[in-house]
Amino acid sequence: MAEGTGRGEALSIWFFVGGLALLYGLVLTPYGAWAWFTHHEAPTVLNQLHPTFWWGLLMSIFGAFYTIRFRPGKG
Amino acid sequence: MTALTLIFSTQLTHLAPIDILILVLYFAVVIFIGFYVKGSTNTSEEFFLAGREMSAWVAGLSFVSANLGSLELMGWAGAAYQYGMLATHWYWIGAIPAMLFLGIVMMPFYYISKTHSVPGYLQLRFGEGARCVSAVSFALMTILMSGVNMYAMALVMNVILGWNISFSIWVGAITVAVYVMLGGLRSAIINEVLQFVLIWAGAALIPILGLVEAGGWSNLKAQIAHNVGSTDYTHMWTTLGHFRDNPMGVHWTGIVFGLGFVVSFGYWTTDFLVVQRVLSANNLRAAKMAPIIGAAFKMAVPFIVIVPGLLALAVLKNPDGSILHLVGENAVNAQHPYSYNEVLPLMLIRYCGPGLLGLGITALVAGFMSGMAGNVSAFSTVWTYDLYGAFINKKASDKHYVAMGRWSTVIGMLVSIGTAYLVAHAASIMDYVQALFSFFIAPLFGTVVLGMLWKRATKAGGFWGLLAGTVSSIGMWLYTTYGGAAALSRIALSADARPMAENLYRALWSWIICVAVTVVVSYVTKPTPEAQLAGLVYGATPIPDDGATTLWQKPIFWAVVVIIVFFILNIVFF
C-alpha cells in the first residue's frame, strides 16, 4: 500500500514530498547557476554566497532521494 | 495574537517569472493530490479520518503542521522582535509537555473508544449535553478561523505583492474547497505534510544566512544587547521573577501554570483540529508516537520563527546605517514604515532573490491554505457526526454522511468567504474570534481530563463544569476588556501585568472553576456505573498492549528523550 494516499494507490505521500522538492530543486539550481556565472545575482544581503544555487542543489538531492526511495512499484 | 491585526504600509516587493512558476507548481500539485486520493475516499471513515491508516510519521508531521500556519509564523516572529526569546515559551513549555501527555496518557482513550471526534468522546463520557456545547462552539470557531486565515492570506499577499484582496480570497478558497471536498481529511493531511516541508524549505535560509551575517549566535546576542541596551532579550527565564522585569509583563507562574499547563494542555489535547490528525493513525502505537514525533519537530520550529525575529533586532538598518525600528501597527508612520508583523517578509526579502523569494511566498501561501483546510475538514467532521448525525438525521446511510461531509466542506468555505469579507470591513472581528477560542479551550481541557482520569466524574458534573468554566471565562474577558487596568491587575494578580498575562491567568481561573464545579456537582449526583466507563476512563479500562517489543519501539522511551532535550534547551537559553 502507498503510505498515506489510500489502499490500492500507487503513489506514496513521501513520493509527493520528494517530487515537489525535486521539481523546485530543478527550477532553482539552473537559475542559481545562471545568476552566479552570468553575474545576475539579485542585490540581496550575502548574495556572494549564491544561496539560490546551493539551496536548489540541496533540494534536488533531498527530492531525488525521496522520489527514488518511494517511487511507485517499490515495496 | 498580534498577527491577527496585520496592517502593512507599502507593497514590499514583486514576484519574478521564476517565483510565479514555483507558486503555480504548488497549486498544480495540490489540486492533483485532491483528484488522486478521491478514489480512496468513499466511506465516512476514509473521508473524515483518512481511513485510520496513517503511519506515526505522517500523523505526527500533520499534527504539528496543522498548528504551523502562516498566522503563527508571522505573528510569533513579530513577537520575538517585540519580546525577545520569551516568545519561545509558546513553542517549548507551551507545547512540548502537553503533546507528550496527549501521546502517552490521553491518546489510548481517544483511540480505543473509537470516537470520531473530541465532542464524540464527550458524548460517550458525559452525554449529549456536553457534546452539544462542545460541537456547536467548535464548529463556529473553526469556520470563523478559516475565514480569518483566508483574509489574512489575502491581506499579506496584498501588502507584500500588491495582489487584489478578492483574487487571493477566491483562489485560496476554491483551491482548498476542491481538494478537501474531493479527498477529505486525507487530502488535508497530505497537504499538511507537504506544507511542513515547504515551510522549512522556504524559511530555513533566513536564520542560516542571518546567523552568517551576524557572525554567529554569540555575536548576535552581543549586537542585540548593544542595540536594545539590555541582555534580557536573549534569556527565557531570568526576567520572569516579576511582572515588571520583562517586556511581556508576565510572571513565571503565568508561564508555567497558565501557559504550560492550562492553555497548552487545553489546545494540544482537546482541540479537535489537531487531535483529528492523530486519530487517523493506523494503530495504537502510531497514535501514541505521532504526538511525540510532532513534539520533536515542534522544538525545532523556533529556529525559523524566533531566530528571524531576534536577527531583525540586530541586522535591520535604515539606508543611512542607523537601526531600523519596527513598531506596533497603530504606530506605523512615515518615520517608522514597518510593523513588528512584517519581520518575516522583511527578512525574507533581505536574503532571498528571485526563486528563493517564490519559495518563501509559496511556503506562506501553503501555510494559510493548510490553515483553511485544517479548519474546514475539522468543521465538516464535527458538523456531520456531532450535529447533523446526532441531532438532525441519526439513521442515514454511510454514503449519505460522506455526501454531507463533501457538501458541508463547500458550505463551510462559502461561510468562511463571508467571514473573510466581514473581517475585511471590521478588522477588530479578528481579535474577537481569537478571544472566542480562548473561552472554550481551558474549560474543555478541565472536562476532558477529569473525564479520562476520574471515575467519579458524572454526566451532570461534566456538563455544568464545562458550562461554568466557559461562562466564567467570558465574564472575566468582559471584565478585563471594559474594566481597565484595575480589572487586569485583579485577574492577573499584579498591577504591572500586561494583556498577555491576562490570557494566561484567565485560562487558569476558568480551568480551576470548571474543575471545582465538576467535582462538586459530581459528588452530589449519582455515580456512573463502572461498567459504562469501560474504554473511557483510567481504572475502568484495561489499556491494550501497543505492540512495542523493543526499547526503540516504545513511545515512553522517545517521550523521555524529547523531555530531556526540552529541559536541556531551557537550561541553555535560561
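Indices start at 1 and increase along the chain as displayed.
Glycine is no exception: its Cβ is also placed from the backbone N, Cα and C atoms.
Residues or ranges marked as transmembrane segment by TrEMBL: B:20-37 (among others).
Beyond its flanks by at least six residues, the transmembrane segment (B:57-78) meets 1-4, 6, 87, 90-91, 99, 148-149, 152-153, 156, 188-189, 192-193, 195-196, 199, 203, 273-274, 277-278, 280-281, 286-287, 289-295, 297-298, 301, 304-306, 308-309, 326, 339-345, 347, 364-365, 367-368, 370-371, 374 of its own chain at Cβ-Cβ distances under 8 Å. The feature transmembrane segment is assigned by TrEMBL to B:57-78 (among others).
Per TrEMBL, transmembrane segment is recorded for B:90-112 (among others).
Among residues of the same chain six or more beyond the transmembrane segment (B:193-212), those with a C-beta under 8 A of the stretch's C-beta atoms are 26, 29-30, 33, 58, 61-62, 64-65, 68, 73, 220, 297, 303-305, 307-308, 311, 315, 344, 347-348, 351-352, 356, 359-364, 366-367, 369-370. Annotation comment: TrEMBL describes B:193-212 (among others) as transmembrane segment.
The transmembrane segment feature in TrEMBL is assigned to B:295-316 (among others).
Feature annotation from TrEMBL assigns transmembrane segment to B:348-369 (among others). When Cβ-Cβ distances below 8 Å are used as the criterion, the transmembrane segment (B:348-369) is approached by residues 12-13, 15-16, 18-23, 26, 30, 68-71, 73-74, 149-150, 152-153, 156-157, 160-161, 172, 175-176, 191, 194-195, 198-199, 201-203, 205-206, 209-210, 315-316 of the same chain, each at least six residues removed from its ends.
Per TrEMBL, the feature transmembrane segment maps to B:376-392 (among others).
The transmembrane segment annotation in TrEMBL covers B:404-424 (among others).
Same-chain neighbours of the transmembrane segment (B:436-454): 105-106, 109, 118, 121-122, 125-126, 130, 134, 137-138, 140-141, 144-145, 262-263, 265-267, 269-271, 461-462, 465-466, 468-470, 472-474, 477, 503, 506-508, 510-515, 518-519, 522, 536-538, counting only residues six or more beyond its ends whose CB sits under 8 Å from a CB of the stretch. Positions annotated as transmembrane segment by TrEMBL: B:436-454 (among others).
Feature annotation from TrEMBL assigns transmembrane segment to B:474-493 (among others).
Residues or ranges marked as transmembrane segment by TrEMBL: B:505-524 (among others).
Under 8 Å from some Cβ of the transmembrane segment (B:556-573) lie the Cβ atoms of residues 85, 88, 92-93, 96-97, 100, 103-104, 234-237, 289, 292-293, 295-296, 299, all in the same chain and six or more residues away from its ends. As annotated by TrEMBL, transmembrane segment applies to B:556-573 (among others).
The stretch from B:90-112, B:474-493, B:505-524 that makes the most Cβ contacts under 8 Å with the transmembrane segment (B:295-316) is B:90-112. Within its own chain, the transmembrane segment (B:90-112) is flanked in space by residues 63, 76, 79, 118, 121, 255-256, 259-260, 263-265, 267-269, 275, 278-279, 281, 284, 287-292, 294-295, 298-299, 301-302, 305-306, 448-449, 452, 535-538, 541, 543-544, 555-556, 559, 562-563, 566, 569-570, which lie at least six positions past its ends and keep a Cβ under 8 Å from the stretch. Counting only same-chain residues 6+ beyond the ends of the transmembrane segment (B:376-392), those with a CB under 8 A from a CB of the stretch are 44, 48-49, 116-117, 119-120, 123, 128, 131-132, 134-136, 138-139, 142-143, 146, 176-177, 180, 184-185, 187-188, 272-273, 276, 401, 404-406, 408-409, 412-413, 416.
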